[in-house]
Amino acid sequence: MVLIVGFNLRTSIASFSPICRSLFLFPKYRSRIIRPVVLLEKPFDKHFYATDSNPLITGFPETSKNCPPSVAATKNRLLMNCTEFDDHGNVRVISGDFKKMDLCKQNGLLPRDLRKLNTSINSIVPVILVREGSILINLLHIRALIKANSVLLFDVYGSQHSHSQSQFIYELEGRLKQKSSDFGWLPYEMRALETILVSVVNTLDSELHVLHNLVSDLLADFELDINQERLRTLLIFSKRLSGFLKKATLIRDVLDELLEQDQDLAGMYLTERLKTGKPRDLDKHDEVELLLETYCKQVDEIVQQTDNLVGNIRSTEEICNIMLDANRNSLMLLGLKLSAMTLGLGFGAVVASLYGMNLQNGLENHPYAFYITTGSIFAFAAFLSSLGILKIRRLKRIQMALYHRCNLPISLDPRSLRPPYL
């Protein structure tokens, strides 16, 4: 942030050097220099702070880049970028600015309904709302408003789903341009809804395919070696799979809830309501019910595959924990054995230190005293070490109390578990 002091009106851009004038004419170089401000007040009356997001230079148009942050935020709250398709599938408006109040008035929506489609809010909860004359959908990268003769697609450019939405626009345009007879005489809104569900299922399927390949290769590597890097990678994939499973489960739950609401299913026939002016009977929604059930089963299959993959990861984690516990127990046993051997050697060192005090004990002139004492020390040290190691081995032979109480064989051979009458 740079402190800028206002200039007098006598100072003009023409008085600057050619380099300065070129910098003012090309906005991308303006951030590298100190930008003066032309004010109507007296010089040095006010102080202004100029930033890249709020350039205080007169003569430039007020755009989203040049306007103050508060003004840009207000515009973002009042406007929404949308792409509109007409009843023939042609793009009527590309990334146009629509006022939220106008959208609510034209489509009979409430502000809380439109909030669920707000692209500035990062929401992972999918939504399918059926309103009078429209269907609001928020699934993954698609946020759309379906009517009987138009589709309003809310842009999410700048996010991680921009590429997916760009592909979906071409798919939606192609399907809406086709005749209803090509889709079994489905009305306009059903074709748009089916296109959205196809895109959502394909996105989930492709993401699951990538995760499945990555996780399968990683689990295969665990059979060869377990190291810290692979454990860290397994943790990352486990988090990604958990998030994907939650996302797919929420979509399946939304479709299940919609299938249980007969009133919403009947209200999704927007073309018939527009022509007759009356809502469809509650018991006549076979087409949309079959449509939703088909894609609900596909999403449920994706959820089951993801759940199985998560189960494989958890099984691998449990096996890794068992192997790590076994290695840790082996190290503990080795430490106990070394401690037992150290105890025997320590006893021998104590006896040797007693003889090293240079005191008379009556064995100085005995011809075999040295050999007898040395042999006794080594024998007793070996006895203590062997006794400690035997005690440790007995700890390894402790069996589960279930085998002793039920008189079950300890062997894991399936033939030993057969009943006697077979």
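Just so you know, glycine gets a Cβ as well, placed from its N, Cα and C.
Over in Swiss-Prot, the protein carries these features:
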| type | residues | note |
| --- | --- | --- |
| MOTIF | 355-358 | motif 'YGMN' |
| TRANSIT | 1-49 | transit peptide |
| TRANSMEM | 331-351 | transmembrane segment |
| TRANSMEM | 370-390 | transmembrane segment |
Folded-back contacts onto the transmembrane segment (370-390), same chain, C-beta under 8 angstroms, at least six residues removed:
336-337, 339-341, 343-345, 347-348, 351-352, 355, 363
Kindly report the helix/strand/coil residue split of the motif 'YGMN' (355-358) according to DSSP, in that order.
1 helix, 0 strand, 3 coil
Can you check how the pLDDT averages out over the motif 'YGMN' (355-358)?
74
